[in-house]
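Right, one structure below, let's go through it.
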């Protein structure tokens, strides 16, 4: 059965895709699309990673410190948090652009705004101009992120979709590595170009998106929502069936998308109030909101933006060592992020989330303990172990919040509310990032290592909430997951659609089984 919210093994379309014996790299059209997805969509998150290291690494530069008058406390916080503040301001209008003009135009708009903000940031003459520039970058970033994550999920062949959406977040670390490496290379420049050069380079991912995004096809689900059925069908035939218009798989896929969109549109007013209209949508909003908070309040902002302060706590104050350690940590994080993305198909979503969050909790407890021992007893062993635990944090975080974030969001929100759902996630994520970037420097300065205890307690709360609230979504198509939380009448309608699709695809399945 295709729909109805049953277990994943009953999903015929998903099973047909997974059992497809031809790998993606042997399909010319699909291969071309995937190669184009990297520079113009998957690479969007490189801007986020670049930004975290612009602040983290720039704070290690003497010229940056001198230019901004050695910022501390709240001033240091607003320099870092102005980007998420800009993101929060821009979020309410994202669904209007994304759902009315299409995924590609939404990416184009966000990328152009980020390029403008980056140019202003590079030419900043004071702290106010720098803060404003970062807010402009932040305003454009979620437009590209929301549209890009939707486009990946809606274009990808079901067999590779979870891996593609997981790689989307892993690209964060490519941007972080480039920023950390560039800043390390420019640290000896004896003027403001030591931080201006990395600042200008932040526009590189956005330039790639502007150049390449229209080489990609538009989302077939967006096209069908605008009654452009022939265009949508041609996209699916070209990329999911390599041009074979008689493909049973694509026929079933087209029928499922059409019918599911029709049911969604009949029961949706395409407004923000739809997110509160039913108990199922309210549960989705709760999960999306919590996921936004968890991705930014699980201790990662402290490492991403204020690693210098963290290393100061354990006696490592040399700027060169900090820069090298920071660069190494980002390279290690990229390895962990890509590895987690590549295994996402092998494990259930809840298993990965629970394993990841419990691992994060264990790492934070060990890190807090070692830091406390160093500060109390000046133990070199404890300091070195703290360095180890900071590195150990990366595989734990990447296993759940990095690898699964957009994969999970795309799966729990149906098409009609997908852009709004991801925007809600972005709102709470950027709000949490704004809070964390302002509070972290104050907390570490005020209560030293005891500030890490706050994270230990909060991460435990996260684990409890994930255990009770997170549903399993693996092994199902996006159309089946559109009815994950819905009332029985929706499920019954979807089961009727499923029976019709089973009849259409039965000959293909029987032929495959005979082979």
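Placed from the backbone N, Cα and C atoms, the Cβ positions cover glycine too.
Residues or ranges marked as transmembrane segment in TrEMBL: 34-55 (among others). A Cβ distance under 8 Å defines the sequence-distant neighbours of the transmembrane segment (34-55), meaning residues of its chain 6+ beyond its ends; these are 24, 79-80, 83, 107, 114, 134, 137, 141, 144-145, 148, 151-152, 155, 160, 164, 167-180, 183, 198-199, 201-202, 204-206, 208-209, 211-213, 215-216, 304-305, 326, 330, 437.
Confidence for the domain 'Major facilitator superfamily (MFS) profile' (37-474), expressed as mean pLDDT, is 87. For 37-474, the entry in TrEMBL reads domain 'Major facilitator superfamily (MFS) profile'.
Positions annotated as transmembrane segment by TrEMBL: 75-94 (among others).
Beyond its flanks by at least six residues, the transmembrane segment (106-125) meets 40-41, 44, 47, 86, 94, 97-98, 132-148, 151, 196, 199-200, 202-203, 206-207, 209-210, 213-214 of its own chain at Cβ-Cβ distances under 8 Å. TrEMBL lists 106-125 (among others) with the feature transmembrane segment.
Within the chain, the transmembrane segment (131-152) has long-range Cβ neighbours (under 8 A, six or more residues past its boundaries) at 37, 41-42, 44-45, 47-48, 51, 78-79, 82-87, 89-91, 94, 97-98, 103-104, 106-107, 109-114, 116-118, 120-121, 124, 161, 164-165, 168, 202, 206, 209, 216, 219, 406, 409-410, 418-419, 422-423, 426, 430. Summarising the annotation, TrEMBL assigns transmembrane segment to 131-152 (among others).
The annotation transmembrane segment is assigned in TrEMBL to 164-185 (among others).
Under 8 Å from some Cβ of the transmembrane segment (197-216) lie the Cβ atoms of residues 33, 36-37, 39-41, 43-44, 46-47, 50-51, 54, 57-58, 104, 107-108, 111-112, 114-115, 118-119, 121-122, 124, 137, 140, 144, 151, 155, 175, 178-179, 182-183, 186, 189, all in the same chain and six or more residues away from its ends. If you look up TrEMBL, you'll see 197-216 (among others) marked as transmembrane segment.
The transmembrane segment annotation in TrEMBL covers 285-307 (among others).
What TrEMBL lists as transmembrane segment is 327-345 (among others).
Annotated transmembrane segment per TrEMBL: 352-376 (among others), in sequence order.
The feature transmembrane segment is assigned by TrEMBL to 388-410 (among others). Long-range contacts of the transmembrane segment (388-410) within its own chain (CB-CB distance under 8 A, at least 6 residues past either end) are made by residues 149-150, 152-153, 161-162, 165-166, 168-170, 172, 288, 291, 294-295, 298-300, 303, 307, 310, 329, 332-333, 336-337, 339-341, 344, 349, 352-357, 359-360, 362-364, 366-367, 370, 418, 421-422, 425, 473, 478.
The feature transmembrane segment is assigned by TrEMBL to 452-470 (among others).
Annotation: stretch 452-470 has the most Cβ pairs under 8 Å to the transmembrane segment (285-307), among 75-94, 164-185, 352-376, 452-470.
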